[in-house]
């Protein structure tokens, strides 16, 4: 039960943190992944700091957008990045989709039919690895385009990647525990019922056959004269 709670919390944090950078300007004025030269940049466009002008909602920046509003002003990207690089911000959308799917996997582990499926857990572990790589790639793209002008939304993307790794580790632990339980169920019973240590309520419930045999031999052995 505790493992499931930890998994759900980690995946929820990863989803929320990735959502902050995805719904940045111009969708949400208060969230932006970079601020430079009087402009705030987001995944789907940019806005001026005074909120008087915003670009259309789309992937990629274009210098033609600002020229439509003011012919004497030119939109410069931080670090002298090329406008074509801004198309790579699509990775943030892909990362959000991947984290959402992984979050759904985490919710499905609450159901017994999914939790006891080793194949489903393997798929979830592999998907968590893919999600981590895509999320980390989104963070690196922000650093590449905006350099030192990134804001806290970009660092939340890195935190989302970190929580994704932790959730993948928890999924691996769940798969290992499931494999161990399957092994105990399929092992032939030679000396009574096998009880997992984690399910014992009292140490006295654990009966070790070879100890009992040695005690019996000690009791029945003849006493030396």
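Each position is counted from 1, following the chain as shown.
For all residues, glycine too, the Cβ spot is worked out from N, Cα and C.
Membrane topology of residue 3 relative to residue 120, as recorded in Swiss-Prot: same side. Checked against Swiss-Prot, the range among 49-69, 154-174, 175-195 recorded as transmembrane segment is 154-174. Within the chain, the topological domain 'Cytoplasmic' (1-4) has long-range Cβ neighbours (under 8 A, six or more residues past its boundaries) at 109-110, 115, 170, 173-174, 177. Distant neighbours of the transmembrane segment (5-25): 31-33, 40-47, 54, 92-93, 95-96, 99-100, 102-103, 106-107, 109-110, 135, 138, 142, 153-154, 156-157, 159-161, 163-164, 166-167, 170-171, 174; these residues of the same chain sit at least 6 beyond its ends, with a Cβ under 8 Å from one of its Cβ atoms. Sequence-distant neighbours of the transmembrane segment (154-174) (same chain, 6+ residues past either end, Cβ-Cβ under 8 Å): 3, 6-7, 10-11, 13-15, 17-18, 20-21, 33-34, 92, 95, 99, 102, 106, 109, 115, 121, 124-125, 128-129, 131-132, 135-136, 138-139, 142-143, 146. Helix, strand and coil residue tallies for the topological domain 'Cytoplasmic' (1-4), in that order: 3 helix, 0 strand, 1 coil [DSSP].
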